[in-house]
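Taken straight from Swiss-Prot:
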- LYS12, PHE60, ARG88, THR94, ARG105: ATP binding site (BINDING)
- HIS121: active site, pros-phosphohistidine intermediate (ACT_SITE)
Amino acid sequence: MNEVERTLVIIKPDAVVRGLIGEIISRFEKKGLKIVGMKMIWIDRELAEKHYEEHKGKPFFEALIDYITKAPVVVMVVEGRYAVEVVRKMAGATDPKDAAPGTIRGDYGLDIGDAIYNVIHASDSKESAEREISLYFKPEEIYEYCKAADWFYREKKQAKC
């Protein structure tokens with residue numbers, strides 16, 4: 001079965017100010033994933049609290065809100081087969097010190113004493129992805145299009161994208 005999914009990715013403020021946007025996007029595209037929605041925004045407190053509502057009341061909540069609202073972010077809708085799982089694996093463990101080399105967080109995340117800068121958010125489930133995408137994107141901001149190589153990977157040679 002062709003499990004094409006969509007997931008939300010946020011390139012966080014630390015990655016934006018360190019000039020890592022292109023590198024991170026490139027990794028997803030090289031993996032064969034498709035960016036079907038993308039924009040740069042500055043997340044305000046209200047949106048941050050909606051996004052991270054499941055963490056409200058936890059000791060790290062305020063630091064998380066401060067972190068995600070500190071500078072602009074790039075939000076993306078990424079599409080592909082098993083996109084949620086694939087993107088999570090590419091992102092690596094939440095804590096950069098636990099993230100394997102070769103993952104985005106393993107290569108670019110920083111653990112600075114009492115703060116971690118893990119450069120990227122990736123939805124943790126299909127349900128979370130749907131909820132998170134709807135927070136950042138209107139339906140008309142997500143695009144259907146064919147990549148140049150899509151025809152090559154189709155099961156039938158004459159299949160159209």
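Residue 1 is the first one shown; counting continues down the chain.
Note: Cβ is positioned from N, Cα and C throughout, glycine not excepted.
Since we're looking at a predicted model, the values are computed, not measured.
The maximum pairwise C-alpha distance among LYS12, PHE60, ARG88, THR94, ARG105, the residues recorded as binding ATP, is 21 Å.
Cβ contacts within 10 Å of PHE60 (ATP binding site), excluding its own Cβ and spanning all protein chains shown: 13. Looking only at the binding-site residues LYS12, ARG88, the densest Cβ neighbourhood within 10 Å occurs at LYS12.
Other C-beta atoms found within 10 angstroms of the C-beta of HIS121 (active site, pros-phosphohistidine intermediate) number 19, with every protein chain shown included. The separation of the residue listed as 'active site, pros-phosphohistidine intermediate' from LYS12 (ATP binding site), Cα to Cα, is 7 Å.
Summary for the binding-site residues THR94, ARG105: the Cβ-based neighbour count within 10 Å is maximal at ARG105.
With respect to their backbone Cα atoms, ARG105 (ATP binding site) and the residue listed as 'active site, pros-phosphohistidine intermediate' stand 10 Å from each other.
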